[in-house]
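First the structure, in the form of structure tokens, and then the observations on it.
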Amino acid sequence: MERGKVKKEKRKETEKKKIREKGKEEKRKELEQKIKEKEKEKQEKQERSKRKEDKKEKRTEQGKETKKEKEQFKGQEEEEENKDSIVTVTNTPLEPLEKNKQILVLGLDGAGKTSVLHSLASNRVQHSVAPTQGFNAVCINTEDGQMEFLEIGGSEPFRSY
Ligand SMILES: Nc1nc2c(ncn2[C@@H]2O[C@H](COP(=O)(O)OP(=O)(O)OP(=O)(O)O)[C@@H](O)[C@H]2O)c(=O)[nH]1
Ligand SMILES: [Mg+2]
């Protein structure tokens, strides 16, 4: 009888051990799953941060390009202003060239604006030209298209224009 009791107790102990081991394995599996989920979250965060950095870099590059364009435009304007007596400025310097061009002619009085335009239009040199009062418009037809010159008198009353 005692032997039978001992055997039963041994069986119970082995069963208990088995149950404990199963519980431990389940806990291990749960921990492993949690660790994997955390790693995935970290990777996703890193990818998001990378995308944000890429977007920022693109924006800064675009800003640099626009700044360069502005600087080029300013440089062109300054070069045109530094010309001696007659200054010609096109209305749309950065747009594609059109057939009809409008050219503004500026300069001090007596510089020879009207004389140059007259010689261009008529192929003749006119010596005594009266000072331009207000503005003087000259249209010249060329092979490529029309060129419209607008001269503003260089006398002091017209310099404000
Ligand atoms: N010697 C010489 N005289 C010139 C020349 N070009 C113009 N002139 C003379 O300079 C004077 C003034 O010329 P304009 O063409 O009227 O000058 P402008 O720039 O139109 O002057 P405003 O209309 O007052 O702004 C005229 O008597 C011209 O004959 C040039 O190349 N050489
Ligand atoms: Mg003139």
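Note that the numbers count up from 1, one per residue, in the order the chain is shown.
A Cβ is built for glycine as well, from the same backbone N, Cα and C atoms used for every other residue.
A TrEMBL annotation is a machine prediction, not a hand-curated record.
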GTP binding, same site as GLY107, LEU108, ASP109, GLY110, ALA111, GLY112, LYS113, THR114 - TrEMBL member from GLY153, GLY154: GLY154
Annotated binding-site residues GLY107, ASP109, GLY154, filtered by Cβ under 6 Å to ligand 2: none
Euclidean distance between Cα atoms of THR132 (Mg(2+) binding site) and GLY154 (GTP binding site), Å: 8
Whole-number Å value for how far GLY107 (GTP binding site) lies from THR114 (Mg(2+) binding site) (Cα to Cα): 10
